[in-house]
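Below is one structure, written out as structure tokens; comments come after it.
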């Protein structure tokens, strides 16, 4: 009986935590799961998959996608 009550309280707590930490207040769980499914279908959309460009490689001036330093058509390391 005590274990059942503890399980019910744990499930209610986790559900409330999920709603409280959701990004969009209107579509809390729906929005969370749709973003996750989109990232699974398109791994390039994942924030963890962002690639950076090594030094002396061509880069994008607008996005500044160099690992270290700055992008001036090629990634260059700027001494501090």
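A Cβ is built for glycine as well, from the same backbone N, Cα and C atoms used for every other residue.
Per Swiss-Prot, signal peptide is recorded for 1-22, and the stated evidence type is sequence analysis. The disulfide bond annotation in Swiss-Prot covers 52-67, 59-71, 66-75, and the record cites similarity to another entry as its basis.
If you measure from the Cα atom of residue 66 (disulfide bond) to that of residue 52 (disulfide bond), you get 5 Å. Figure note: comparing Cβ neighbours within 10 Å for the disulfide-bonded residues 52, 59, 66, 67, the maximum is reached by 59.
Within 10 Å of the C-beta of residue 71 (disulfide bond) there are 18 other C-beta atoms, taking all protein chains into account. Across the fold, the C-alpha of residue 71 (disulfide bond) and the C-alpha of residue 52 (disulfide bond) stand 11 Å from each other.
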